[in-house]
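Accompanying notes for the structure given below.
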């Protein structure tokens with residue numbers, strides 16, 4: 001593609017998108033909020049709060065965790081306000097013609113960037129870069145993990161009411177968390193509370209929508225209208241916030257591996273396309289309830305579907321017609337609503353021209369922008385060479401199912417059915433022949449169970465992969481090199497606060513061995529046994545292509561004393577390794593943030609001197625256990641990584657459970673970088689070893 005074409009495409013992509021219509025359009029851009037002092041980074045406050053919790057300083061834990069949550073909310077608000085302020089104050093100029101035609105446009109871009117930096121720095125009390133956090137921290141706040149720590153800290157401080165609020169807030173985003181459910185029941189019984197608990201992170205537009213549905217079903221149409229209209233105002237406000245937050249820094253993971261450095265226009269277009277796709281998918285974000293993977297079907301259109309009939313029932317036929325026409329912007333061929341339009345038009349005064357009644361203004365600009373974005377993404381995908389499948393955001397199978405579906409006197413033929421959730425794709429079936437039963441390659445390894453005996457697909461259980469001596473040696477290495485966390489990002493207790501989670505990578509083990517901090521022989525054993533496991537998996541499942549490491553670490557889970565009473569949570573919740581498990585839909589969606597490139601998984605256990613910690617397979621409902629495996633020294637479980645093998649780990653209630661966890665891929669593009677570096681370290685060590693055993697020749701003898 002010629003450079004001039006790239007310029008045209010880039011300028012087209014960066015043109016300002018249509019703004020939402022409606023009563024708020026005439027408002028001035030939101031002025032930045034007044035000074036309130038430097039904002040402390042929420043990730044540092046969060047880390048401090050968690051550390052205080054584990055040290056038993058519960059007052060400090062509460063203080064820092066509450067401050068972290070407050071900082072997180074304020075940061076989002078500042079970013080949103082600054083984005084809207086600068087978009088209004090520094091509009092992007094359309095490109096002109098002739099030499100340097102793009103310069104005014106890029107000047108406007110630079111001015112907006114300066115405005116954004118100045119606004120955020122002023123409001124934050126320092127550079128915005130201080131508030132960039134890791135994906136792990138961002139994920140914790142999205143999953144409301146801080147509230148799990150908070151409720152426990154409040155209980156320690158005998159503040160039951162606040163503990164209940166925190167527990168309820170966490171549970172709303174983690175409905176599968178059995179221990180929290182039990183805690184909530186116990187709290188309610190103790191406090192004798194019957195009133196609904198407060199969800200501190202409730203989404204206003206979802207709350208208003210739910211209230212509207214309740215009033216609608218109770219035939220209270222005046223109240224239903226009030227809440228649905230409020231829900232729409234809140235929805236569009238949330239949409240603007242979501243879009244503003246998409247404008248932050250982006251990551252180019254696939255390019256990082258290749259050392260890719262694009263030219264000016266390619267780099268800008270690559271970055272902007274990530275922003276645009278993020279903004280385009282805000283409709284899915286806003287339709288998804290906390291803790292769910294599947295969005296509410298047909299969510300935004302349903303507001304207008306409910307409203308068109310509610311307005312009809314209160315005699316406001318013009319508004320009913322506006323809402324019906326708004327619904328048709330999503331589903332222009334919906335026969336029921338087309339009939340409704342004809343019916344509403346027949347009810348208008350003779351002085352009112354039906355053709356003059358148009359679809360709701362608040363939606364017209366929204367849909368126009370959404371369609372324009374879809375066209376731009378498709379155009380850019382063809383030119384930039386990335387894949388993007390436009391989801392059906394407005395799936396129409398999930399319409400209302402009630403006796404008020406169509407007004408009286410209107411044809412009611414044509415049944416509706418519930419169907420697929422919007423924007424979802426079922427994972428493809430495994431694109432290779434499924435075989436098993438190949439040779440185990442090494443002596444002394446004992447075959448225990450195959451897939452059929454484990455009630456599943458592509459599963460195998462083996463014993464004696466490690467000797468007792470090797471288990472003891474690896475356990476010793478683990479205690480010498482492990483960090484609190486997973487070994488890559490140091491994430492403390494990522495799955496449950498009732499256990500300490502520690503991990504280490506192969507590369508770190510070799511580094512410690514090379515520095516003499518652990519025996520080099522023991523560090524080398526970690527490397528060697530992981531390679532042994534890879535060869536066994538590749539051979540047993542009779543794979544026709546090379547199996548590569550995609551992720552390797554040694555991991556120990558330790559039960560925390562004083563926190564094991566009444567435990568019924570899992571050490572590691574039920575999940576799949578290469579797709580997002582959706583128990584409600586009985587599906588596993590092979591899409592980011594899942595590690596979609598993983599093909600096989602293996603766990604090699606080091607010990608059995610602990611209570612609990614059984615590895616379990618389940619059905620896709622994440623509840624029906626199909627197999628349970630008790631870890632012990634030298635035992636290895638391996639399986640394919642997809643939705644056919646949901647699995648988890650039961651709570652470790654006493655002692656420490658250690659294992660080597662391995663994930664493999666058939667795609668060399670996704671080879672584990674640390675493993676490649678570890679291979680290089682091993683090559684250097686082998687070369688040094690060969691040098692030590694070489695002939696000791698006096699250089700003078702060679703003369």
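Keep in mind that glycine also has a Cβ here, set from the backbone N, Cα and C atoms.
Residues annotated as signal peptide in Swiss-Prot, with sequence analysis given as evidence: 1-21.
Annotated compositional bias 'Basic and acidic residues' per Swiss-Prot: 25-36, in sequence order.
Taken together, the residues in the repeat 'TPR 1' (42-75) have a mean pLDDT of 94 on the 0 to 100 scale. Taken from Swiss-Prot, the feature repeat 'TPR 1' covers 42-75.
The repeat 'TPR 3' annotation in Swiss-Prot covers 205-238. Residue counts for the repeat 'TPR 3' (205-238) under DSSP, helix first, then strand, then coil, are 31 helix, 0 strand, 3 coil.
As annotated by Swiss-Prot, repeat 'TPR 4' applies to 301-334. Residues 209, 212-213, 216, 221-222, 224-225, 228-229, 231-232, 235, 340-341, 344-345, 347-348, 352, 354, 357-360, 363-364, 367, 394, 396, 398-400, 404-405, 407 of the same chain lie 6+ residues outside the repeat 'TPR 4' (301-334) yet bring a C-beta within less than 8 angstroms of a C-beta in it.
According to Swiss-Prot, the domain 'Fe2OG dioxygenase' annotation covers 552-666, on the basis of sequence analysis.
Under 8 Å, Cβ to Cβ, and six or more positions away along its own chain, residue 577 (Fe cation binding site) finds 595, 598, 601, 641, 642, 645, 663. The Fe cation binding site annotation in Swiss-Prot covers 575, 577, 647.
Taking every protein chain shown into account, 575, 647 are the binding-site residues, and of these the Cβ with the most other Cβ atoms within 10 Å belongs to 647. Sitting within 8 Å of the Cβ centre of 575, 577, 647, and not among those site residues for Fe cation, are the Cβ atoms of 574, 576, 581, 601, 641, 645, 646, 648. Helix, strand and coil counts under DSSP for the repeat 'TPR 4' (301-334) come to 27 helix, 0 strand, 7 coil. DSSP labels the residues of the repeat 'TPR 1' (42-75) in these numbers: 32 helix, 0 strand, 2 coil.
DSSP places the residues of the domain 'Fe2OG dioxygenase' (552-666) in helix, strand and coil in these numbers: 0 helix, 59 strand, 56 coil.
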